[in-house]
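A.B. asks: My structure is below; once you've seen it, I'll send some questions.
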Amino acid sequence: MTPTDAKRPLQLNDQGQLRHFLSLDGLPRELLTEILDTADSFLEVGARAVKKVPLLRGKTVCNVFFENSTRTRTTFELAAKRLSADVITLNVSTSSTSKGETLTDTLRNLEAMAADMFVVRHADSGAAHFIAEHVSPDVAVINGGDGRHAHPTQGMLDMLTIRRHKGSFDNLSVAIVGDILHSRVARSNMLALRTLGCPDIRVIAPKTLLPEGIEQYGVRVFTDMNEGLRDVDVVIMLRLQRERMQGGLLPSEGEFYKLYGLTTQRLALARPDAIVMHPGPINRGVEIESAVADGPQSVILNQVTYGIAIRMAVLSMAMSGQTAQRQIDSESVSEEQQ
């Protein structure tokens with residue numbers, strides 16, 4: 001596991017604007033801040049009677065979800081519709097991929113429908129990067145989660161949640177707790193927090209759920225929950241990803257909750273104004289107590305609201321970056337012909 005797994009040139013156009021959104025690795029602090037600022041401006045749209053702006057009118061956004069996720073798919077659909085885009089959601093279970101069609105063939109057929117942007121979720125790490133390398137240069141690709149690798153929009157909505165509740169990342173202590181090994185959210189959060197200047201990033205997990213080389217992310221590692229939670233400002237809980245586990249990693253869910261579950265008593269070890277986050281879906285009584293998930297320090301539902309704004313920001317910025325690159329390429333061709 002290394003924190004250097006994305007090719008920056010593929011994600012950005014020649015002017016340094018967002019073109020694809022595949023990973024937070026390699027993206028500069030200024031760009032992450034621009035995404036947060038843009039999302040902040042879109043939060044107001046959600047409070048309007050008519051929740052629409054015309055930024056993507058005439059554009060088609062295609063959600064290609066090879067992995068189920070009600071929350072991510074729905075918020076991407078809402079984000080695109082609030083930007084006035086036409087939205088197609090591919091039901092992969094009934095698509096030609098289940099009949100043996102390759103991923104590239106599926107995307108070529110979608111391109112023939114004149115889609116301008118793909119939002120891709122896939123069980124294989126690197127799938128979004130592969131797609132971005134093989135689609136038409138006019139199409140933007142957004143990673144909605146790929147294997148264990150990355151979930152960049154979740155990472156950014158978590159950063160927006162933290163910034164709106166804590167003001168900035170300076171002097172913050174943030175703890176990420178649970179199944180770090182299988183979590184693409186953990187990877188994206190660690191990269192984002194480091195880039196945005198968070199000075200104290202902690203990961204708390206049993207040794208069997210910690211990936212090798214995690215120290216390269218500039219984090220402090222704790223296997224004792226009580227020690228790791230002491231005086232933190234933010235607690236990000238992660239679910240146990242049983243579907244990605246092979247036997248022997250955990251004795252039982254009950255044992256995990258006993259050692260790493262976030263209870264009211266454990267939360268008291270954090271700062272009194274600490275916030276509690278979770279990317280969902282929540283496993284109550286496994287990684288978090290209901291009293292904490294529904295309590296006054298929980299901002300879990302805020303994360304869902306902020307997720308729409310972040311995805312609006314990413315969709316609009318990537319489309320703008322693609323348009324700018326087409327203009328750059330067109331001008332280059334004109335100069336060569338003169």
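Any Cβ shown, glycine's included, is placed from N, Cα and C.
The model shown is predicted, which means the values in this text are computed figures rather than measured ones.
OK, Swiss-Prot features for this one:
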BINDING   R71, T72, R121, H151, Q154, G280, P281  carbamoyl phosphate binding site
BINDING   K99, R184, R239  L-aspartate binding site
A.B. asks: How big is the carbamoyl phosphate site in terms of the longest C-alpha to C-alpha distance among R71, T72, R121, H151, Q154, G280, P281, in angstrom?
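C.D. replies: Maximum Cα-Cα distance: 16 Å.
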A.B. asks: I'd like the Cβ neighbour count for R239 (L-aspartate binding site), meaning other Cβ atoms within 10 Å of its Cβ, all protein chains included.
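C.D. replies: There are 19 such Cβ atoms around R239 (L-aspartate binding site).
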A.B. asks: Enumerate the residues of the same chain, R71, T72, R121, H151, Q154, G280, P281 excluded, that satisfy the criterion Cβ within 8 A of the mean position of the Cβ atoms of the recorded carbamoyl phosphate site; list them in sequence order.
C.D. replies: S69, G144, G145, V185, P279
A.B. asks: On a count of neighbouring CB atoms within 10 A, which of the binding-site residues R71, R121, H151, R184 is highest?
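C.D. replies: Buried the deepest by this measure is H151.
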A.B. asks: What does the structure give for the C-alpha distance between Q154 (carbamoyl phosphate binding site) and R239 (L-aspartate binding site)? Integer Å is fine.
C.D. replies: 14
A.B. asks: Could you tell me which of these binding-site residues, T72, Q154, has the greatest number of Cβ atoms within 10 Å of its own Cβ?
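C.D. replies: Of T72, Q154, the one with the most crowded Cβ is Q154.
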A.B. asks: Give the residue from the binding-site residues G280, P281 that has the most other Cβ atoms within 10 Å of its Cβ, counting over every protein chain displayed.
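C.D. replies: The most densely surrounded of these binding-site residues is G280.
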A.B. asks: Quick one: what's DSSP say for R121 (carbamoyl phosphate binding site), helix, strand or coil?
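C.D. replies: DSSP call for R121 (carbamoyl phosphate binding site): strand.
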